[in-house]
Amino acid sequence: MILLVGLGNPGKAYAGNRHNIGFMALDQIARDYSAPPFRSKFNGLISEITLAGERCVLLAPQTYMNDSGRSVGEAARYLKIEPKDIVVLHDELDLPAGKVRVKTGGGNAGHNGLKSITAHIGNEYRRVRLGIGHPGDRALVHNYVLGDFAKSEAAWVEALCKAVAASAPLLAKGEDDAFQTKIFKDMEAALGKNVP
């Protein structure tokens, strides 16, 4: 069993924010694999699918980003899931827009959602870092991540969420390198020379 977590802030006001790309990718996975409707549990919204023969619990914490660990910790304890079987989809400032990297453990790179999760379950969980680019100046970061994606970014955001969903079975199997490679190829196929 794996716990697949998408990070974001709840509510319509935040729905299109760059910080919510984890929610967007999780929603795409739920749609593409015909997940039952999300229901409230663990201070979040949960559903369940099967990926590559693995039971996969989908979790969108509803605690606001900075307290995501409360929801993830609660789910992990109840489901008796080890950190190595938890995969967190989140926005990543330090990657160019549309790029994806998977890593296990390590620091939080200033990401408050990851900081909270690490405080609750330790840092040995897997992270799917979804690149949103950087505004160029640290002083602009807060407004940038809490700002909506521009209309000009819609094509790559949609292509990235679809590519993550299409490659999700590889994540479930622990084939992180193959997951990254497939996303790169899918993005290239979808956007051609317009890959960001």
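The backbone N, Cα and C atoms fix where each Cβ goes, glycine too.
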**Asked** For the tRNA site that Swiss-Prot assigns to Tyr14, Tyr64, Asn66, which of Asn112, Asn123, Asn143 is also named?
**Response** Asn112
**Count of other CB atoms lying within 10 Å of the CB belonging to Tyr14 (tRNA binding site)** = 16
**Request:** Using C-alpha positions only, work out which of the recorded positions Asn9, His19, Asp91 is nearest to Tyr64 (tRNA binding site).
**Result:** Asn9
**Distance [Cα-Cα, Å, rounded] between Asn9 (site 'Discriminates between blocked and unblocked aminoacyl-tRNA') and His19 (active site, proton acceptor)** = 8
**Message:** Can you give me the residues near the recorded tRNA site, meaning same chain, not Tyr14, Tyr64, Asn66, Asn112 themselves, Cβ no more than 8 Å from the center of the site's Cβ atoms?
**Reply:** Asn9, His19, Thr63, Met65, Asp67, Ser68, Gly113
